[in-house]
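Report on the structure given below.
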Amino acid sequence: MIKVSLNGYGTIGKRVANAIILQPDMELVGIAKTSPNYEALVAQKLGYRIFVPENSVKSFEESGIKIAGTIEDMIKESDIVVDTTPNGVGAKYKETYQKFSKKAIFQGGEKANVAEVSFSALCNYDEAINKQYIRVVSCNTTALLRTICTINSVSKIEKVRATIVRRAADPKEVKKGPINSLVADPVSVPSHHAKDVNTVLKDLDIVSMAVIAPTTLMHVHLLNITLKTAVSREDVISKILETPRLVLVRGKSEITSTAEIIEVARDLGKLRNDIPEVVIFEDSIYTKGNELFLMYAVHQESIVVPENIDAIRASMNLASKNESIRITNATLNIKGGYLI
Ligand SMILES: NC(=O)C1=CN([C@@H]2O[C@H](COP(=O)(O)OP(=O)(O)OC[C@H]3O[C@@H](n4cnc5c(N)ncnc54)[C@H](O)[C@@H]3O)[C@@H](O)[C@H]2O)C=CC1
Ligand SMILES: O=C(OP(=O)(O)O)[C@H](O)COP(=O)(O)O
């Protein structure tokens, strides 16, 4: 069993911690929290071992939350650390991981040079095998890469033009906006998403533009892909249906929005309403000559969870690409096909 610890128990961290527990080849050492807030209380209730920075020991003790040690103690006990701390904090922790010669998985909010490789399981698993430091790309980039690498196996891609409608904040975030505006973010073109895709697919011709919308549920992407040869809509649909990390929203289901997708997740009793698959609207798939158009939604809180698990396996060389993806999908109940 590989000993994995989780540094930064927030939106992504709590989901990855949960996923680690479900893996047959991994054991969760514990989670790191900096303040004894409601998320720390929940973690205690869930039975996680909680590790804290040296200077937070007193405040945790005062709040009655039992701690298992310091963050350094947690790192020392681990074979590998998944760092899901806020943007830029992970890069600072890298020194500590290096000090104790521990492997680490970083997130998309870190600069690409924090790691030896930026990672998308479907696109470049093999490149990450045995690497000391891996960066799982952001939620938007993970969705772009999964989709692009899948379509590329139907027909070679010549170029991608992507429009990204970003959710403004995660549901738990009370201080973020906008609340009454659409914001070009970034206003410059291309947005950082295209550059981030190029950290994995270095030669791909891709341009992206992004706006932020006042919603918390999901992002939406509008893609225009030019292929080297014409493909049929049916070929694209059957490829998507056989790729578990993509799901199709059936035209007949009358679902046209992120709100309805999340409602389906609630109705199906999915943990935290999570839908880690890229959710593609079947009716948006349109081909014209060598061009393919499609629209999909991205559940930003959960999409990178399976990639984090695969990144651990790649770094520790625990399984081949297909084997890791198979185990991750089975344990996280990721089946593909139609959403409903
Ligand atoms: N929320 C999202 O939609 C997505 C976020 N990401 C990336 O994941 C990373 C984490 O993002 P979120 O989970 O959204 O952030 P978050 O703010 O929800 O969670 C971060 C957690 O780290 C803790 N933390 C802060 N400083 C710390 C420190 N010095 N030591 C230990 N823990 C500390 C915070 O208390 C918080 O619990 C970022 O790189 C982000 O870009 C990637 C995909 C999607
Ligand atoms: O961390 C994220 O969003 P956030 O920085 O707005 O909280 C998501 O990974 C989305 O990031 P992106 O839009 O830079 O791909």
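A Cβ is built for glycine as well, from the same backbone N, Cα and C atoms used for every other residue.
A TrEMBL annotation is a machine prediction, not a hand-curated record.
Values in this document were obtained by computation on a predicted structure and should not be read as measured data.
Copied over from TrEMBL, here are the features:
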- 2-139: domain 'Glyceraldehyde 3-phosphate dehydrogenase NAD(P) binding' (DOMAIN)
- Thr11, Ile12, Gly109, Arg167, Gln300: NAD(+) binding site (BINDING)
- Ser138, Cys139, Asn140, His193, Ala194: D-glyceraldehyde 3-phosphate binding site (BINDING)
- Cys139: active site, nucleophile (ACT_SITE)
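Location within the structure of each feature annotated in TrEMBL.
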residue	record	CB count, 10 Å
Thr11	NAD(+) binding site	18
Ile12	NAD(+) binding site	27
Gly109	NAD(+) binding site	17
Ser138	D-glyceraldehyde 3-phosphate binding site	22
Cys139	D-glyceraldehyde 3-phosphate binding site	24
Asn140	D-glyceraldehyde 3-phosphate binding site	25
Arg167	NAD(+) binding site	24
His193	D-glyceraldehyde 3-phosphate binding site	25
Ala194	D-glyceraldehyde 3-phosphate binding site	22
Gln300	NAD(+) binding site	22
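What surrounds the NAD(+) site, by Cβ distance within 8 Å of the Cβ centroid and not counting Thr11, Ile12, Gly109, Arg167, Gln300, is the set Ser138, Cys139, Asp170, Glu301, Val304 from the same chain. Checking the binding-site residues Ile12, Asn140, Ala194 against ligand 1, the ones whose Cβ sits under 6 Å from it are Ile12. If you average pLDDT over the domain 'Glyceraldehyde 3-phosphate dehydrogenase NAD(P) binding' (2-139) in this model, you get 98.
In the three-state DSSP classification, Gly109 (NAD(+) binding site) falls within coil. Each residue contributes its Cα atom, and for Arg167 (NAD(+) binding site) and Ala194 (D-glyceraldehyde 3-phosphate binding site) these two points are 18 Å apart. Asn140 are the binding-site residues among Thr11, Ile12, Asn140, Arg167, Ala194 whose C-beta comes within less than 6 Å of an atom of ligand 2, given in sequence order. Taken residue by residue with DSSP, Arg167 (NAD(+) binding site) is part of a strand. If you measure from the Cα atom of His193 (D-glyceraldehyde 3-phosphate binding site) to that of Gly109 (NAD(+) binding site), you get 11 Å.
Across the structure, Gln300 (NAD(+) binding site) and Asn140 (D-glyceraldehyde 3-phosphate binding site) are spaced 7 Å apart at their Cα atoms.
Taking Thr11, Ile12, Gly109 as the binding-site residues under consideration, the smallest Cα distance to Asn140 (D-glyceraldehyde 3-phosphate binding site) is found for Gly109.
Each residue contributes its Cα atom, and for Ser138 (D-glyceraldehyde 3-phosphate binding site) and Thr11 (NAD(+) binding site) those atoms are 13 Å apart. DSSP places the residues of the domain 'Glyceraldehyde 3-phosphate dehydrogenase NAD(P) binding' (2-139) in helix, strand and coil in these numbers: 59 helix, 33 strand, 46 coil.
One way to see the shell of the D-glyceraldehyde 3-phosphate site is to take the Cβ centroid of Ser138, Cys139, Asn140, His193, Ala194; the remaining same-chain residues with a Cβ within 8 Å of it are Gly108, Val137, Thr141, Thr142, Ala143, Leu144, Ile164, Ser191, His192, Asp196, Val197, Ser208, Ala210.
Here the Cα atom of Cys139 (D-glyceraldehyde 3-phosphate binding site) is found 10 Å from that of Gly109 (NAD(+) binding site).
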